[in-house]
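Residues or ranges marked as domain 'Isopropylmalate dehydrogenase-like' in TrEMBL: 108-496. For 174, 175, 176, 181, 357, 407, 408, 409, 410, 411, 412, 425, the entry in TrEMBL reads NADP(+) binding site. Feature annotation from TrEMBL assigns D-threo-isocitrate binding site to 176, 193, 194, 195, 196, 197, 198, 199, 208, 231. What TrEMBL records for 238, 309 is site 'Critical for catalysis'. The Mn(2+) binding site annotation in TrEMBL covers 349, 372.
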């Protein structure tokens, strides 16, 4: 049995020291599917290599639960009752059961695990808020960077296909590697963003919505109502081809019709070295973006804006403007007017200025890059990047994925590895689960699932707003720097759990 390293990730924050004790033998592990200890498989077992259960399936009734240093097969050893578990997709079916009555989730939810501090928090969320309350079939995919590298990123593609199949996915934050990460993890290559891969497979629109807590001051004090950013999840810079131009020469764009002669357009005559980029989008994708955006605005009862720079990019951005106008006039104008809301196109610079000086309460549809940037501005303007939800929705509603809008919180993870206390805001990660469960409940017509998720969201907000219990980032937003103004991640989640029990009792769940 290999020794555990300081980089081991325990399933509970309080077990850090155990995981760092290199002389500590690995404890016996209990399968999620049995209350009896499961004998560990030998590390050279082919089963241990090919059948990889999720780290979330490792439970222990004692305090001595730990996890090995990576998600690689030879360092996992548990038993489970899933019928099959293909090694490349790293997936399994898990029916959770404990002694208490649980709310039944009718159809599966696809779970995408992640990296670093958010991976630890993700496990705690399941231990506190999912397993004890829900009878749910989770289809698990490990999108931790090491496993993505081991599977040549096939696990990400498989996860996206699973969301297509089952309709709902919940995702933990993941690392998108740069040069430093390639060296740190000794990766085969610099893998693409898993979010980008999933977006390109599913299509659809990413909607970023702030979690509004009255007690938390706004950095933009005039914002009173949510601002929802709809980000087109396809094409533009994120699927562009770029290159370095080594020296003088002519850059041309060539379009060859399927049944026609090539058309050549001179882009630029380089007199020296430079750079070039070609990007694209499609009418179908833009039209789907428009439908998803208009449907959300109707659902929320909010006016909607579309922003581009069509005065400069007359053909490219002009196409976005024209398609949105066509779709609105043909299919949504009457419904908007009946609700007393409206749609307008605005230039991106004017839109941003109006957004800052307004009081919120709108949906803004933006191109891929614009939405990427502005969603972070909106999140911080409402108080914290830890208070922003992110959902990916296809135009026909057949696929839905929710996640936190922030990253893996590497700085806190480094502190955690050193055994120091951490106060990482888990609210957006909790909302990743709740938004997925709400969507699952809506599709399945199971109101108890929806109510449970709504009560969990309410508990997260009430603990901060009414009790003043918050993590360090929120305390700093309130101008409080002293240690007694904030709690650790575990302490905050304990308070949410207490509040949730009270809320569920009042809701008779």
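Any Cβ shown, glycine's included, is placed from N, Cα and C.
Predicted automatically and left uncurated, TrEMBL annotations should be read as such.
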Can you grab the distance from residue 309 (site 'Critical for catalysis') over to residue 194 (D-threo-isocitrate binding site)? Cα atoms, rounded to a whole Å. 28
Among the NADP(+)-binding set 174, 175, 176, 181, 357, 407, 408, 409, 410, 411, 412, 425, as the record gives it, the longest Cα-Cα distance in Å: 39
Least Cβ-packed of the binding-site residues 349, 372 (other Cβ atoms within 10 Å) is 349
Other C-beta atoms that fall within 10 angstroms of the C-beta of residue 196 (D-threo-isocitrate binding site): 16
Which is it, of 174, 176, 408, 410: the one of these binding-site residues whose Cβ has the most other Cβ atoms within 10 Å? 174
Residue 372 (Mn(2+) binding site) falls, by three-state DSSP, under helix
Close in space, distant in sequence - residue 238 (site 'Critical for catalysis'), Cβ under 8 Å, 6 or more apart: 196, 199, 368, 369
Do you know the mean pLDDT across the domain 'Isopropylmalate dehydrogenase-like' (108-496)? 95
Using DSSP and collapsing to three states, where does residue 408 (NADP(+) binding site) fall: helix, strand or coil? coil
